[in-house]
Amino acid sequence: MQWRSIVVALVVLRLTVSCLLWLAFGLGPSWGFNFPLNFNFNLHKIELFKQDDGESAKANSWSQRIHGHGDAQCRTSCASKEDSPKKSYLSLFEGDRDEYDRRYSSFPDTLKIKMKGMAKDMFYFGYDNYMKYAFPEDELNPIDCQGRGPDVLNPSNININDVLGNYSLTLIDTLDTLLVLGNVSEFHRAVKLVIDTVSFDKDSTVQVFEANIRILGSLISAHILLTDPKHPFGNVGLVDYDNELLHLAHDLAVRLLPAFENTSTGIPYPRVNLKSGVPPDSINETCTAGAGSLLVEFGILSRLIGDSTFEWVARRAVRALWKLRSNETGLLGNVVNIQTGQWVSKQSGLGAGMDSFYEYLLKSYILFGEKEDYRMFQASYESIQNHLRRGRESCNEGEGDPPLYVNVNMFNGQIMNTWIDSLQAFFPGLLVLNGDVEEAICLHAFYYAIWKRFGALPERYNWQLQAPDVLFYPLRPELVESTYLLYQATKNPFYLHVGMDILESLEKNAKVRCGYATLHHVVDKSKEDRMESFFLSETCKYLYLLFDDDNPLHKSENKYIFTTEGHVVPIDKRFREKQWNDLSPCEKVVTDQETSNGPFSNNSNCDRIPEERRYSLPLKSVYMRQIDHMVGLF
């Protein structure tokens, strides 16, 4: 309870400061430090004001969209000086601009080599201890140096059982990371272990989404890298390899198919038992991301084996969700009933429950070339910009708050709460993939500021209270992924500094006796005895790639993408060719003109980043200082 008292005291202090700032600068409300005096403050419930009907969709201060004209009362209560000349809001943050330049404008090659070595050591410290103390179990408990499998004594413990299926999860999930780090011999050893020891004939009830992205995706990725010497790592074939990983992937996918049966909408059940199918007591509710993020892995499998079944059920689920979007806003909700098609949670956002749905619309188009996928992505992106985005119109110019994407009601676009979650940190990376680099720069800077404050990303951060709502950090990769992709797009040394900060924070705050542990509390840095597989599969991989300019992935003439679990998948013409006719034609054929601004067009927004920007800060110092202030760094 002590930290809550501290938060209340800080809020009271902020109220005082905001009034003083109004007197001194004539500042209007800003989401970082200003509450209207009629704000109903409660740590568990925040009563939000309705927005004005005539309000602009891109209001400079998105706090005004939350509180309506609540700032008028603050002006009266603070006795504003109408006759005093008002200074620019951003003048508060102008200060010493060289401070940021000195810190971020260069990154020596020797330091880059050192950070690459640190990232490599981080991976092997976790991986070697997993193999020593935990294999063949699913995860490593890094504090007790023991293995962890499903919680058979408590089947309702879905936090564990959704992910752990008693199938050597961490080993499978890290296969392609071994190749990224250049360790072909260990990659071969790991593949042989998977072939010799892994079976999916288990009495394990797992989440379809997690089994798909962590297990199926990794098996497919490793199989492709083993069998196709044209792709980034060259000829890493294994003697006597007979497509065993592909057979395992097929076997797993078949065991996931019952999730798509006996559902009136075509949206799958969230969980299946690998032996017996959908459990009799299965719930009829699933999240949008869980049901709509299967297309990449299922689609590649279908095209590798020539069986349309897997891609068809995944596409049917995406189309079913798409039909349920709001007619008014074009937005989707978070949780849906798979039998009735009714939205159980009407919250629309970019974080947990929705994130990878949008990601896979774009990545499916890139992989398969299906224009229907890009049509849906374009429409979704437009709705996101119109209803979720708040802040000034331009990232690096103008007055007002920096851009931020908030959680809204899918039917009317009104804000439902004042928190964002750490999974949303993936979105700058998706913006890069779509060519919207400037927008990515601003949003990434906000998440990096939160990281600087806590040395981690809290699972939920309340931007209105400037405090975490949910305090743990399970070593998630999303901020690292976006950092890596922004560095690839801009080559700006700023992002190397961000990666170094993340790497050093993990070493300082998460390293324990046998690996890296989940932070239970981002403030006091207490820990939980769990190291999730995505730490090795994604977090370490992206950190290593960030500092390894000479990696084969960066030198290869062949293009590739990462799945939502960070698995390497080449962009291959084989995946754009089907051995079957379309089973369900899309409602609208997308014209070439409609896709002319797509991720492969000549009009890519990437061209808007001039060469000289690579040698200066990606975001102007005044805006960096503004964001730092808004998350409470000073």
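Cβ coordinates are placed from backbone N, Cα and C, and glycine is handled just like the others.
As recorded in TrEMBL, the features of this protein are as follows:
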ACT_SITE  Glu210  active site, proton donor
ACT_SITE  Asp355  active site
ACT_SITE  Glu459  active site, proton donor
ACT_SITE  Glu478  active site
BINDING   Thr564  Ca(2+) binding site
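Taking CA atoms as the reference points, Glu478 (active site) and Thr564 (Ca(2+) binding site) are 10 Å apart. Separation of the C-alpha atoms of Glu459 (active site, proton donor) and Asp355 (active site): 14 Å, rounded to the nearest whole number.
Long-range C-beta contacts of the residue listed as 'Ca(2+) binding site', restricted to its own chain and to partners at least six residues apart, with a cutoff below 8 Å, comprise Ile213, Ser293, Val296, Ser356, Glu359, Tyr360, Lys363, Phe426. Distance between Cα atoms for Glu210 (active site, proton donor) and Asp355 (active site): 14 Å, as a whole number. For the active-site residues shown (Asp355, Glu459), fewest C-beta neighbours within 10 angstroms: Glu459.
When the neighbouring Cβ atoms lying within 10 Å are counted for each of the active-site residues (Glu210, Glu478), the highest count belongs to Glu478.
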